[in-house]
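In what follows, a single structure is set out as structure tokens and then discussed.
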Amino acid sequence: PIQICVSKCPDRYLTYLNAYSSRTPGELEYYRHFCIPEFKNLQKAPIKVLKDKECPAMIIPSTPLARRCFPAIRAKKGVIMVGNETTYDDGHGRRRNVTELLEGAKKANVVLETRQLAMKIFEDYTVSWYWIIIGLVIAMVASFIFIVLLRFLAGIMVWVMIVMVILVLGYGIFHCYMEYAKLKGEAGSDVSLKDLGFQTDLRVYLHLRQTWLAFMIILCIVEVVIILLLIFLRKRILIAIALIKEASRAVGHIMMSLLFPLCTFFLLCLCITYWASTAVFLSTSNEAVYKVFNETACQFSGQTCQPETFNTSNVTKLCPDAQCLFAFYGGETAYHKYLIVLQFFNVFMFFWLANFVIALGQVTLAGAFASYYWAFKKPDDMPAFPLFSAFGRALRYHTGSLAFGSLILAIVQVIRVTLEYLDHRLKAADNRFAKFLLSCLKCCFWCLEKFIKFLNRNAYIMIAVYGTNFCTSARNAFFLLMRNIIRVAVLDKVTDFLFFLGKLLIVGSVGILAFFFFTQRIKLVQDTAPPLNYYWVPILTVIVGSYLIAHGFFSVYGMCVDTLFLCFLEDLERNDGSAEKPYFMSPNLKKLLKKTNKGQPDA
């Protein structure tokens, strides 16, 4: 069938025969809006117009949906109607029931249900957005308070954090059990998730015992795994606490570092905006292409044509039944042929710029915290503005190194995106060897990306400390870590695990608070909670936002720990505690490792 673009969907029942013979002025002119663009002759015989497929035989009241016109079907007192009619003229003199149009609109049901779900979610955001912001502010304050307390009570806070996470998970198990027990005996609560199938109203799942049983089992598994890890890593936790205390002191002297992720976030937003605007510009730079269509043999069939001049061209003389119809959006110039290449290059540039921004943030934080470690008298020997000084050094001296490291990572990421695209295209194919090979390549490049990120992170620290180029810094960092692989595995990863527990505590606490508030289970503010279609919408938003906020705060701490750890290893290898080569590590670390500076008092 021929498809055309219209400025507005039809709003009335009308056949072409009725419009042609109508005495009402403007009926035929209105009908022409739904004909092909080159149809100009309003005096042409209706039979000839319909035979040449220049106009539809009939139009019906329609509504726009997903850039398409669908019959305006609605139910009034149980009666199916289109517009205000229950029957319509099919253009052949017969009256038909509008229920026959339902078959043509069945495929739109999924779109309509999805649109209805999206509208309800949007309504929930409009009435709860300020409470969501309050929840995110609470998460920010909680993260800041946690870090401030960690500065003074690192050891106690770590153990309290571990206990609190276990208690939060324990409460989650208890709550799931209570909900599971409460639903016992209720009608419909024993239906299995498999029998229920997918439901757009997710609240239905909360009325099933199997849902709460699944939640309880998952939380129990997580609880057991965390307890076992704590039992086997209890000695290593004590070592990690020493690094966290030292990092707490460093962050305490450079408090502006906690706000630096906002700068990185702003630059990443610029990168995303640049990529999105360029992608949209490229996607919308196509032109409407018209081709010659002919039912009989014609030498011009399939060639490009212009609707405005088609009727006066030689094509209509040599092929009388030829038509110039819309074929596709695109173009036949060199620019349009290589448009996909430009889109690919745009994606590559996005990865490169995003990785460069992240690298700039990492080397800036590393430079600031390295200036703390290598100050013999802390904080007297530190620069006045360590963060701004490190940022200036990174832009002035290390831009090339950061761009090169980001380029390597961007190339690997683009290859991964290409493999994902090929995997998506090969899903319908039945070539098992190709699928197996593609899965192996995806796994290998995933591992390679993780390794390059780890290596780049430590290379940027060496760049911030010594100012060497990327390749030299990456080589030195790699071999330094390999010579201390046990310390890397124990100290660095245990510290990452503790940071994960901190995020879990903050996100879990704020998430539970949001759950009780939006489900109106807090009596003091029961009347304050807004009425919602799906209370999980603001709860999930608060949980995801809280995790991002906690991740931003703890990412600064993680960079601080990694920087101090690498500086600590360098300090151990390059210095021996003599007057010529004193240790720069803090007294606590020297005491932990039983190291001293000979003939010099500790700073």
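Glycine residues also receive a Cβ, built from the backbone N, Cα and C atoms like all the rest.
Because TrEMBL annotations are produced automatically, they should be read as predictions rather than curated entries.
The transmembrane segment annotation in TrEMBL covers 129-149 (among others).
The transmembrane segment feature in TrEMBL is assigned to 156-174 (among others).
Look at TrEMBL and you will find 212-233 (among others) tagged as transmembrane segment. Long-range contacts of the transmembrane segment (212-233) within its own chain (CB-CB distance under 8 A, at least 6 residues past either end) are made by residues 162, 165-166, 169-170, 172-173, 176-177, 179-180, 183, 193, 206, 494, 497, 501.
TrEMBL lists 254-276 (among others) with the feature transmembrane segment.
Here TrEMBL flags 349-374 (among others) as transmembrane segment.
Here TrEMBL flags 395-415 (among others) as transmembrane segment.
The transmembrane segment annotation in TrEMBL covers 459-482 (among others).
With a threshold of 8 Å between CB atoms, the same-chain residues lying at least 6 positions outside the transmembrane segment (494-518) that come near it are 128, 131, 135, 138-139, 142-143, 146, 158, 161-162, 164-165, 168-169, 171-172, 226, 229, 233, 236-237, 239-240, 243-244, 525, 529-530, 532, 535, 538-539, 542-543, 546-547, 550-551, 554, 557-558, 561. For 494-518 (among others), the entry in TrEMBL reads transmembrane segment.
Annotated transmembrane segment per TrEMBL: 534-554 (among others), in sequence order.
Within the chain, the transmembrane segment (459-482) has long-range Cβ neighbours (under 8 A, six or more residues past its boundaries) at 359, 362-364, 366-367, 370, 374, 390, 393-394, 397-398, 400-402, 404-405, 488, 562-563, 566-567, 569-570, 573. Here the transmembrane segment (254-276) has long-range neighbours at 144, 147, 346-347, 349-350, 353-354, 357-358, 360-361, 364-365, 368-369, 372, 386-387, 552-553, 555-556, 560, meaning same-chain residues at least 6 beyond its ends whose C-beta is under 8 angstroms from one of its own.
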